[in-house]
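Structure first, commentary second.
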Amino acid sequence: MQALTNPFPIGSSSLIHCMTNEISCEMLANGILALGCKPVMADDPREVLDFTKQSQALFINLGHLSAEKEKAIRMAALYANQSSLPMVVDAVGVTTSSIRKSLVKDLLDYRPTVLKGNMSEIRSLVGLKHHGVGVDASAKDQETEDLLQVLKDWCQTYPGMSFLVTGPKDLIVSENQVAVLENGCAELDWITGTGDLVGALTAVFLSQGKTGFEASCLAVSYLNIAAEKIVVQGMGLEEFRYQVLNQLSLLRRDENWLDTIKGEVYE
């Protein structure tokens, strides 16, 4: 895609603060390391600002929310807003939890650089009909035409913010650009945490000076292309998980990986 430039090699080993869930934190940490940056996970309100102030990007994931974690998230998001720290918010579970949906809407006031979610989560957040259950998207929610128009309107309300919507076709929407991307494989749904990983990789690319739109396109494409390189015939879940992380560390050596992105960018 001509709109994107290769972010590798990573120019500086940025510290990425991930406020995420206990299920996927190891995968996120290893994924960030595979790209050449450093992860830290701190969600105790007593220390959260110490780590956020040292970081070059903040990733907030709402999985496994608690009252204490919510307090820490609000503290970190406020600091990110006041200090212009790039921030990604992953709206996990807003289709089911009114607490999470309310929190995400509050976090919009802190102007995250990227707001991420699956098709059902984002449809729920912007007030469209959805069929999401738990933290999973529904196959019934993959219609993009109505969602795209609403997101364009939201981008005018929240200038400078990009939306990253994951699905069979990934949507990235900003004030002036829309990308529809088509890389990936169904096997990524075999293991938990791959959606969370996209958010963490987005934070990595933000830490390198990419815009929200660029970082979102790079992150979702990088993971999807890495997964496409894996031969999955006869492969079990644990082997596939291992190979995903393995390919994340190898793909950055390919100077032409951007040429394998499938999709279009529209102005």
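Glycine residues also receive a Cβ, built from the backbone N, Cα and C atoms like all the rest.
Here is what Swiss-Prot records for this protein:
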type: BINDING; residues: MET41, GLY193; note: substrate binding site
type: BINDING; residues: LYS116, THR166; note: ATP binding site
Same-chain residues at least 6 apart in sequence whose Cβ lies under 8 Å from MET41 (substrate binding site): HIS17, CYS18, MET19, THR20, CYS25, LEU28, ALA29
For LYS116 (ATP binding site), the three-state class that DSSP assigns: strand
Which of LYS116, THR166, GLY193, all binding-site residues, has a Cβ with the fewest other Cβ atoms inside 10 Å: GLY193
Inter-residue Cα distance where the pair is THR166 (ATP binding site) and GLY193 (substrate binding site), in Å: 13
